[in-house]
Amino acid sequence: MNQNTQLTGEWKTDERPVPKPRKRKRLDSEGRWGILLISPYLIHLIVFVAFTSIASLYISFTDYDMLNPPEWTGLANYSKMIDDPLFWKALKNTLYFTILLVPIKTALALVLAVALNQKLKGLKLYRIAHFIPVISSWTVIAYVADSIFNPRFGWANSLLVSLGLEPKNWLADEQLVIPVLVAVAIWKGVGYMMVLFLAGLQNVPGDLYEAAEIDGAGPLQKFWRITVPLISGTTFLVLILSTISSFQSFEQIYVMTAGAVDGVAGGPNNASLVLMLHLYREGFTFFHMGYASAIAWVLFLILFVFTFMQMRLQKRWVHYD
Amino acid sequence: MSIRKILAYAAIGISSAIMFIPFLTALFNSLKTVGQFNKYPPELFPDPIKWSNYSEVWELANFSTYTLNSLTVSVLSILGAILSSSMVAYAFARLQFPFRDTLFMIVLGTMMIPGVVTIIPQFIIFKQLGMLDTLMPLWVLEWLGQPFGIFLMRQAFLGIPREYEEAAKIDGCNPFQIYWRVALPMCKPSLATLAIFTFMAKWNEILAPVIYITTREKYTLPVGILSLKGQWTGGNDQYLVAGALISLIPILIVFLIAEKYFVEGARSSGLK
């Protein structure tokens with residue numbers, strides 16, 4: 001069983017022949033043990049997944065401040081959202097952040113993985129270097145990034161000044177805040193994605209490249225004609241997972257933009273307000289639980305439609321063999 | 001050496017430097033005196049090297065409390081993840097029970113579904129249970145099995161030969177005993193991966209403590225360090241950097257010792 005078939009969504013199966021459906025009404029001993037052993041997860045599923053999902057859908061149709069009982073208001077929260085300029089700003093910022101982040105990070109991760117797959121010496125050392133940002137909390141990353149992007153003592157401005165350019169305000173600049181956040185997110189996350197691609201690459205059979213070389217293919221041709229199609233399963237998965245997670249970005253923006261200008265995360269002037277941050281403010285700062293739940297459902301639906309469409313579209317570009 | 005290899009070395013070398021240099025500049029900053037930190041233009045190397053920034057920030061900022069809270073959350077989460085996810089996974093791997101395959105599809109499905117819709121009702125549930133402003137919401141769900149852990153451990157159980165379990169069954173062990181005494185000890189590498197991944201997630205978590213904890217004494221490290229930023233104004237940047245780097249040390253040590261499990265965990269998480 002290699003990594004690649006797992007990546008395509010096939011997993012190991014129980015090899016035993018499936019017993020014919022038993023007509024006994026009572027559970028046999030094995031069945032009872034099975035239910036008993038999975039019972040923690042059943043509780044998780046029923047209380048913390050099924051119940052919470054239904055509850056949040058219900059709350060999204062109510063006015064609920066957690067002190068008084070929820071009051072049914074129908075679609076009021078959703079129509080409020082349509083008229084809420086901050087919601088639209090947050091949606092726009094989230095899209096901008098995601099569209100900038102996901103393709104660049106994916107491309108860089110792929111290039112690095114291909115480079116790392118050339119049987120280089122010191123592979124472990126390179127992997128460690130690329131994984132240190134991955135294992136760091138966003139708090140650590142925020143202070144480390146501060147040594148580069150702080151307008152006062154950061155090295156980015158020293159570099160600009162030494163080149164005779166104007167220093168920038170970076171995270172305190174409405175135009176620059178999202179690009180800087182994206183740069184830092186790439187820096188933190190590219191190593192993780194690189195490892196995923198590396199696993200995919202190790203399953204590409206070497207004889208394919210040899211055959212292509214005999215046919216006179218150059219390195220670029222080999223990359224586009226062999227590597228890219230053969231790891232498209234990994235690419236598909238990586239794109240979906242990283243889109244879902246960057247659409248729900250919260251920690252990075254909460255940590256890195258707090259106090260950048262006015263002490264309120266999402267600044268300056270809401271230029272880095274993303275949907276999760278809007279949800280957090282509405283829910284946990286103002287206790288507008290109904291409205292926050294409505295935002296959660298809209299976010300969920302966007303991601304659901306995106307994932308569903310990708311699943312349908314994957315046949316066009318994802319090669320499984 | 002071929003041109004291809006030289007290019008590969010160049011790409012990886014430059015990228016490794018970009019990965020590492022910001023940590024180095026942050027480390028240098030954490031060793032500066034207040035006076036040197038505020039010099040303009042900034043100087044790269046600390047002069048003199050003020051190691052005591054680390055001990056001073058530890059004292060000034062209640063770091064032992066934050067560290068203890070982080071450790072509590074991490075250890076209880078790891079225990080919960082190891083025990084419950086592996087038990088659930090064993091049933092999915094080896095036992096026949098009604099709706100087993102449907103339920104497992106749901107496990108896989110919940111890994112793909114964004115968690116955003118459950119945040120608010122979970123908060124309400126924990127409020128009803130009287131767990132707000134305690135550490136419990138940060139670890140208790142790990143004891144009810146997590147999809148990633150279940151998936152990872154199920155793969156591990158399916159990979160071990162059946163004969164040992166058959167033998168134990170003939171000796172009269174019940175399924176729990178077989179799981180606990182025979183199957184689980186054979187899956188130590190996957191358990192290590194699960195433990196390390198849980199540690200990384202919990203040690204670094206920010207969203208849950210931000211939502212659930214209001215009392216300063218109950219903050220975990222990443223949130224505690226953040227709160228200092230608002231509390232201390234100006235002239236303390238070197239302490240904040242030192243504090244942040246202190247919080248990196250435990251996970252960095254675990255990572256350097258058990259690098260292969262981190263990589264394994266990263267791969268498995270991509271399989272979902």
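In case you wondered, yes, glycine gets a Cβ from its N, Cα and C as well.
Sequence annotations record features per position, and here TrEMBL assigns domain 'ABC transmembrane type-1' to B:67-258.
Distant neighbours of the transmembrane segment (B:7-28): 44-46, 241, 244-245; these residues of the same chain sit at least 6 beyond its ends, with a Cβ under 8 Å from one of its Cβ atoms. The transmembrane segment annotation in TrEMBL covers B:7-28 (among others).
Per TrEMBL, the feature transmembrane segment maps to B:71-92 (among others).
Annotation comment: TrEMBL describes B:104-126 (among others) as transmembrane segment.
Per TrEMBL, the feature transmembrane segment maps to B:138-157 (among others). Sequence-distant contacts of the transmembrane segment (B:138-157) (same chain, at least 6 residues past either end, Cβ-Cβ under 8 Å): 72-73, 76-78, 80-90, 92-94, 104, 107-108, 110-111, 131, 183, 187, 189-191, 193-194, 197-198, 202, 205, 208-209, 212-213, 220, 265, 268-269, 271-272.
Beyond the transmembrane segment (B:178-200), the same-chain residues lying 6 or more positions past its ends with a Cβ under 8 Å from any Cβ of the stretch are 74, 77-78, 81-82, 85-87, 90, 94, 142, 148-149, 152-153, 155-157, 160, 164-165, 168-169, 251, 254, 258, 261-262, 264-265, 268-269. Per TrEMBL, transmembrane segment is recorded for B:178-200 (among others).
Residues or ranges marked as transmembrane segment in TrEMBL: B:239-258 (among others). Tertiary proximity for the transmembrane segment (B:239-258) is limited to same-chain residues at least six positions away from its ends with a CB under 8 Å from its CB atoms, namely 26-27, 29-31, 53-54, 56-58, 60-61, 63, 70, 192, 196, 199-200, 203-204, 221-222, 225, 228-229, 232.
Within the chain carrying the transmembrane segment (B:104-126), a Cβ under 8 angstroms from the stretch's Cβ atoms is held by residues 92, 132, 136-137, 147-148, 150-151, 154, 211-212, 272, all 6 or more beyond its ends.
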